[in-house]
Amino acid sequence: MDAQSVAPVVLVILDGWGYREAPEGNAVLAARTPVVDSLWATYPHTLLQASGRAVGLPSGQMGNSEVGHLTLGAGRVVPQELVRISDAIETGSLFHEPLLVEVCHRLKEQGGRFHFIGLCSEGGVHSHIDHLYGLLKLAAQAGIPAYVHAITDGRDTLPRDGARVLAALEKELQWLGSGVIATLSGRYYAMDRDRRWERTQKAYEILTEDGPGCGRSAAEVMEDFYAQDITDEFIPPTRLAPGAVQSGDAVIFFNFRPDRARQLTQAFVCPDFSGFQRRLIPDLTFITMTQYDPTLPVQVLFKPQNLDHLLGQVVSEAGLKQLRIAETEKYAHVTYFFNGGIEQPFPGEDRILVQSPLVATYDQMPEMSAVEVTDKAIEAIARREYSLVVLNYANPDMVGHTGNFKATVRALETVDRCLGRLLAAVVDVGGTTLIVADHGNAELMWDEQGNPWTAHTNNPVPCILVEGERRKIPGRGGDVKLRSGGTLADVGPTLLEILGLPQPPEMTGQSLLQPAEYTILQRQPAPVGR
């Protein structure tokens with residue numbers, strides 16, 4: 001195919017832009033978004049389910065960016081790690097896992113200790129507190145001392161939920177008769193993913209440098225921070241009790257989502273680590289709940305699921321070029337997660353990374369790097385060499401997580417303006433744009449009591465098809481509607497149909513494009529008397 005003849009299909013992911021009709025706390029409705037409003041009124045559109053069983057999560061579990069992008073790229077419902085791990089604990093199979101049996105035996109013989117590091121949260125996005133409870137039960141049954149290094153959430157949960165969660169954890173430890181919460185650290189420090197190494201360093205040092213601790217309960221310490229208006233996400237690394245990670249110990253990082261667990265893991269295990277000066281702990285067994293990065297020298301409890309015939313793979317095997325573009329905060333999502341947990345690009349897949357602004361929180365700069373992402377995408381689209389472009393706008397989600405309503409409105413308005421520019425560029429080359437979101441967030445900024453809601457939601461997400469003049473979808477006659485009842489798993493098959501590529505049997509989602517004959521039938525006059 002001549003490069004000049006390519007009319008691209010562009011998938012635009014509005015991260016965290018959910019759909020909700022109630023106006024209270026709804027930044028999406030409060031924002032001036034003439035582009036999206038016009039598209040919704042003019043072009044084929046529908047709502048998609050992006051949470052719970054529709055994306056491989058437990059019923060009622062809110063969606064998230066990792067799961068959303070994985071489902072979009074896989075074109076099928078993929079059982080998520082949250083479910084896999086919970087099932088292993090519930091059935092007891094986790095306790096017979098050969099890796100854990102061997103580590104328990106060695107620690108028992110050599111007098112080593114367990115350290116459980118992870119996000120102590122019921123959010124279910126990066127971890128789940130029930131998984132920690134399962135690991136603590138394992139340690140107690142084996143008679144091995146256990147130290148919990150609790151990372152506090154406040155981003156996928158309410159900002160001050162941590163005290164309640166940690167109080168419940170302390171009761172669980174009392175019931176088990178073993179284990180102690182040794183350290184606290186807000187995810188702002190322990191789960192940075194933007195190479196702000198000074199944050200990671202503070203978390204690492206509290207984990208590896210011992211001290212007497214403050215001798216107070218975790219819940220009491222959390223309440224003191226709340227009194228200073230420091231919420232869960234921003235809890236400074238704090239030692240509660242002696243129990244630093246030492247030589248001969250074993251660490252289990254129980255986060256199942258990789259992106260925000262990598263930097264801290266690298267500090268523990270990489271011999272050539274250069275993020276900051278650190279003391280490397282020798283003879284340390286380091287286990288991650290899932291595979292964070294295939295290059296990390298760690299042991300993995302739950303190996304990756306082998307997904308075949310993903311959207312990017314099908315496009316690549318058809319000999320077509322594709323582009324993935326996002327700013328730092330969502331770059332892993334349009335690459336690693338969209339490709340089913342594969343870091344390596346497919347042949348013909350190019351990637352553009354735009355640096356996210358270096359600010360403490362994104363409400364300080366709601367525009368983030370959306371303009372730069374748009375500029376680079378427009379340049380790439382104008383070259384007419386990419387059959388598929390996958391682009392993410394991070395603003396609605398990342399600013400929505402701050403709980404700042406006015407800033408989130410600005411973020412949405414920024415994305416709307418950028419989307420208008422992007423669409424004009426796609427139209428210029430006769431391309432087609434499919435606009436979706438991966439989960440809800442910005443449409444719910446406070447709860448029924450008026451408290452800030454910084455987590456995701458279970459709300460459906462919009463999906464809009466903007467068909468290019470020079471691209472007529474095969475078999476659709478250029479007159480297309482989008483069916484209702486769809487999920488994120490249906491987006492991949494939809495894109496393949498627009499591209500004119502066959503859908504592999506592994507993709508069990510169904511195209512959202514309604515059959516042309518159904519559309520025609522719908523326009524027939526109703527019989528008299530009905």
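Glycine is no exception: its Cβ is also placed from the backbone N, Cα and C atoms.
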Quiz item: For the Mn(2+) 2 site that Swiss-Prot assigns to D15, D438, H439, which of S65, S369, S387, S484 is also named?
Solution: S65
Practice problem: Output, ordered by sequence, the same-chain residues six or more apart from R193 (substrate binding site) with a CB under 8 Å from its CB, or 'none'. | Solution: D259, R260, R262, Q263, T328, E329, A332
Quiz item: Can you list, in sequence order, the residues of the same chain other than D397, H401, H456 whose CB lies within 8 Å of the CB centroid of the Mn(2+) 1 site?
Solution: D15, G16, N64, S65, R155, D156, P396, M398, G400, H439, N441, A442, T454, A455
Exercise. List nothing but the one residue from H126, H439, H456 whose Cβ has the fewest other Cβ atoms within 10 Å; the candidates are the binding-site residues.
Key: H126
Self-check item: For the binding-site residues D15, D156, P258, R260, D438, the one whose C-beta sees the most other C-beta atoms within 10 angstroms
Solution: D438
Quiz prompt | Top Cα neighbour of D397 (Mn(2+) 1 binding site) in the set of binding-site residues D15, S65, D156, P258, H439 | solution = D15
